[in-house]
Each structure stands twice: as C-alpha cells, then as structure tokens.
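**Q** Structure incoming, see below.
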Amino acid sequence: MTKTRQETDTMGKMDVDASRYWGAQTERSIHNFPIGRDTFVWGRPVIRALGILKKGAAQANAELGELPADVADLIVKAADEVIAGKLDEHFPLVVFQTGSGTQSNMNANEVISNRAIELAGGEMGSKKPVHPNDHVNRGQSSNDTFPTAMHIAVVLELNERLYGAVGKLRDTLHAKAEQYKDLVKVGRTHLQDATPITLGQEIGGWVAQLDYALSEVKHAGEGLLDLAIGGTAVGTGLNAHPKFGDLAAKKYEEETGYHFRSAENKFAALSAHDALVQTSAALRTLAGALMKMANDVRWLASGPRNGIGEITIPENEPGSSIMPGKVNPTQSEAMTMVATRVFGNDATVAFAGSQGNFQLNVFKPVMVHAVLESIRLISDACLAFNDHCAVGIQPNEAKIKENLDKNLMQVTALNRHIGYDKAAAIAKKAHKEGTSLKDAALALGYVTEDEFAQWVVPLGMTHN
C-alpha cells in the first residue's frame with residue numbers, strides 16, 4: 001500500500017503520495033481533470049519556466065523586503081531543482097484544467113514549498129517555514145504568473161530549439177543553391193512547363209522563404225519579452241509591491257539572458273495573448289514554407305522512371321510492404337504532416353486568443369501547449385529533413401537535360417524578335433508534330449538556324 005501524508009487547502013484535507021512533493025490542490029486537479037493524461041502532461045519547457053518564474057519572484061520579493069532572506073533562499077534552491085529538471089516527476093498535471101493555469105501555478109507553489117521545507121529539515125505538508133501561497137506565490141496570482149511562464153517557455157524554446165534547427169536546414173539548402181546555380185532546368189507554373197530556371201534558383205526560392213518566415217517568427221518573438229508579472233489578479237497589481245513586476249522581469253533576464261520586461265499594460269497582458277497569437281501565425285507561415293519545399297522535393301524526385309525525376313534523394317527505408325524495391329520520399333511526407341499539424345495548432349491559438357472576457361483570457365494552457373508543440377515539431381522535422389534528405393539531394397543531370405531539350409516554353413525567348421503570335425505558332429507546330437522547337441521554327445521560316453542558336457540559349461533565359 002502506498003504511504004501517504006495529509007495535505008490541506010482551503011477546501012479541506014487530501015491524502016497525497018508521501019513520495020511526492022505536490023500538495024492538496026495538485027491532488028484535487030489530478031482527480032478532477034483526468035483528460036489526456038498520457039498525452040497532455042506538461043513537458044520540460046513549461047515546468048522549467050515555472051521554476052524560473054518562482055525563483056525570480058522570490059529574489060525580487062526578498063530585495064523588496066517582502067520575504068525573509070532565509071525563506072527566499074530556500075525557495076531559490078528548490079526552484080533551481082525545478083529549473084534543472086530534477087523534479088519533473090512532481091508535475092503531473094495536464095493541459096486541460098482551469099483556463100488560467102491556476103492548478104499548474106499551485107503545483108509549482110506546492111512542490112517548491114515542500115522541497116524547501118525538506119531542505120530546511122521540516123515536515124512536508126506543514127507549510128512551515130515555507131508556505132506555498134504566502135511565500136512562493138508572494139505578490140502573484142495565477143492570472144499573471146501563468147502567462148508569464150507561457151512567454152518564458154516559448155522564448156526559450158524559440159531560441160534554444162527552433163532557430164538553430166531551421167537555420168541548419170536553411171544553410172544546407174543555401175549551399176545546394178550555390179552549388180547548382182548554373183545547372184539549367186525546366187521551370188514550371190500551373191504544373192505545366194514554363195521557361196527555364198536553374199536548379200540553384202529553384203532551391204534559392206526555398207531559402208528565401210525560410211529566411212522570411214524565420215525573420216517573422218523572430219519579430220513576433222520580441223513581443224513575448226513583455227510579461228504579465230506584476231499584474232496579479234486583474235491587472236491592477238493588488239497585493240504586489242509596486243516595483244515587483246519590473247524587478248522580477250529583471251531577475252528573469254539575469255537567469256535566461258533574454259531581455260524580459262514587465263508589460264506596460266497589465267490588463268492586456270492578462271486578458272489577451274496577442275504576442276502568442278502573432279508567434280503562432282508566424283510559425284504557420286514557416287510551416288507553409290516548409291510544406292512548399294517538401295512538396296517540391298518529392299515532385300522533383302518522383303519516379304524513378306515515370307516521374308519528373310530531376311533530382312535524387314537519399315533512400316532511407318523500404319517504401320512498400322507489397323512492392324519490392326519501392327522507395328518513397330518519406331522525409332517530405334513527414335514534413336508535410338508536421339505542417340498540417342502546425343496549421344491546426346494555429347487555428348486553436350487564434351480562436352483561443354480571441355476568447356478573453358473582461359479582465360482574463362481562460363484559454364491559456366491550450367494556447368501555450370499548441371505553440372510549444374508547433375515549435376517542437378518544426379524543429380525536429382527540420383533536423384530530420386536536413387540530415388536524412390536535404391544533404392543528399394543530387395541533380396539527375398541526364399533527366400534534367402532530357403526534359404529541358406523537350407521544353408517548348410523556350411520559345412518565349414523568340415517573342416521579342418518575331419512576336420508572340422509567330423512564337424506561339426512554332427510551339428504549337430512542334431507539339432502537334434512531335435518535333436523540336438528548332439525544326440518547327442525553321443520549317444515555318446520565321447528564323448534562321450543561326451538566329452535560333454543565338455536567341456534560344458537556356459542559361460541566358462535564366463538571367464543568372
């Protein structure tokens with residue numbers, strides 16, 4: 001039988017597993033919200049952010065004379081363990097709880113309180129010498145702490161995970177674009193043949209999309225540096241020292257290296273999460289760029305004998321349980337599925353962000369979960385696509401030449417010399433009779449052989 005201890009809150013007593021640091025409110029949440037427990041338990045980013053939040057709050061309160069130094073020191077030591085990931089198993093709650101994140105805020109308060117009590121040699125559950133509300137939550141409300149943790153978590157994940165992962169893929173593609181900048185191939189619009197481009201130009205388009213999308217994410221991320229801390233329950237700062245918000249934000253900057261600041265308008269910081277909505281929208285843009293790239297790659301690699309086949313990609317695993325020897329563009333397929341998930345997450349965030357009522361938005365947990373999932377999926381997908389696909393992209397030069405030689409849209413180069421109508425007649429004749437453009441042009445007498453050779457130069461048509 002599991003050994004228990006009694007914990008109390010304002011609603012009474014609760015039996016808690018004696019090996020766990022959480023208290024009565026967390027235990028109630030475990031019983032009241034058994035929703036997606038195997039899938040939607042908070043991960044490292046939010047738990048770490050809660051630790052950073054509580055550590056900085058204790059330091060700020062101590063400097064302002066709101067907490068005894070010895071109590072603050074105990075809180076800081078316990079919070080450091082939360083930040084380091086040593087207490088993750090003591091954060092059992094799921095995303096789907098109260099929309100302000102109150103249960104998760106109290107989970108952090110209770111865990112830090114009991115661990116601090118243990119460090120002091122006290123009795124867990126006694127709330128002495130460190131009380132979860134009076135000390136760990138001093139000058140705070142769930143309404144300002146949880147959105148603060150949301151922003152801290154997302155900023156850290158963007159900087160420590162996403163930017164590097166996307167940048168790695170971007171750099172690989174940029175190198176490929178430079179490598180193949182003079183390799184001329186068929187361009188395509190409307191899924192039909194178009195005028196020539198180089199393979200480098202095609203890949204360079206993907207690079208430019210990633211550059212733009214990443215710049216948009218970084219711009220949106222700047223808004224996440226504004227924190228709700230100091231607003232307490234409704235944005236007025238009731239029960240917090242007037243300097244608490246600014247000082248706490250400074251402590252978060254010292255802990256993380258990112259320039260966090262207490263938001264100028266706390267009412268908006270509690271009741272709306274526009275910076276998170278904007279960040280999600282930018283992630284959606286990034287996912288769209290990755291979707292386009294992945295689709296282009298699998299189309300260009302289609303075949304091997306009856307598709308476009310202008311590039312080859314690494315053969316990573318068997319592609320069929322019934323067709324021997326078949327190999328599929330699996331990294332592209334994984335990337336496109338990630339993109340659709342990010343699109344769905346953004347729809348969740350956009351709707352949830354619009355649902356603030358009066359002084360509070362109560363969709364906070366699902367918003368930050370969706371954004372963090374998008375960041376993680378995009379990051380992992382970019383690394384996988386880079387390592388198992390992009391680095392191995394190679395041109396199939398024979399197929400590229402074959403397709404280019406058959407491309408009727410090279411006739412566009414004749415427009416300025418013989419006019420659109422005559423050029424169109426050449427293309428139609430060549431297509432109808434299955435001949436080359438050159439043969440059709442000479443047969444119609446619109447150009448000489450020397451003129452055709454001078455005017456129809458594929459590389460020159462790329463303006464490379």
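Counting starts with 1 at the first residue shown.
Each residue, glycine too, has its Cβ placed from N, Cα and C.
Model, not experiment: these values are computed from the prediction.
Okay, these came from Swiss-Prot:
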BINDING   100-102, 131-134, 141-143, T189, S321, 326-328  substrate binding site
ACT_SITE  H190  active site, proton donor/acceptor
ACT_SITE  S320  active site
SITE      E333  site 'Important for catalytic activity'
**Q** In sequence order, what residues of the same chain, 6+ apart, have a Cβ less than 8 Å from the Cβ of K326 (substrate binding site)?
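**A** Set apart from K326 (substrate binding site) by at least 6 residues yet with Cβ under 8 Å, we have P318, G319, S320.
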**Q** Where does D134 (substrate binding site) sit in the DSSP three-state scheme?
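**A** Note: D134 (substrate binding site) is helical by DSSP.
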**Q** Roughly how many Å separate the Cα of T102 (substrate binding site) from that of E333 (site 'Important for catalytic activity'), to the nearest whole number?
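**A** On Cα coordinates alone, these residues lie 39 Å apart.
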**Q** Based on DSSP, name the secondary structure state of E333 (site 'Important for catalytic activity'): helix, strand or coil.
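**A** SS state of E333 (site 'Important for catalytic activity') = helix.
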**Q** Just name the most isolated of the binding-site residues D134, T189, going by other Cβ atoms within 10 Å of its Cβ.
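**A** Among the binding-site residues D134, T189, the sparsest Cβ neighbourhood within 10 Å belongs to T189.
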**Q** Among the recorded positions S100, T102, S320, N328, point out the residue whose Cβ has the most other Cβ atoms within 10 Å, with all shown protein chains included in the count.
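**A** Counting Cβ neighbours within 10 Å, the top one is S100.
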**Q** Which site among P132, S142, E333 has the most other CB atoms no more than 10 Å from its CB, taking these as recorded positions?
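**A** Counting every other Cβ within 10 Å of each candidate, the maximum falls on P132.
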**Q** Please report the Cα separation of H190 (active site, proton donor/acceptor) and E333 (site 'Important for catalytic activity') in Å, rounded to an integer.
**A** 22
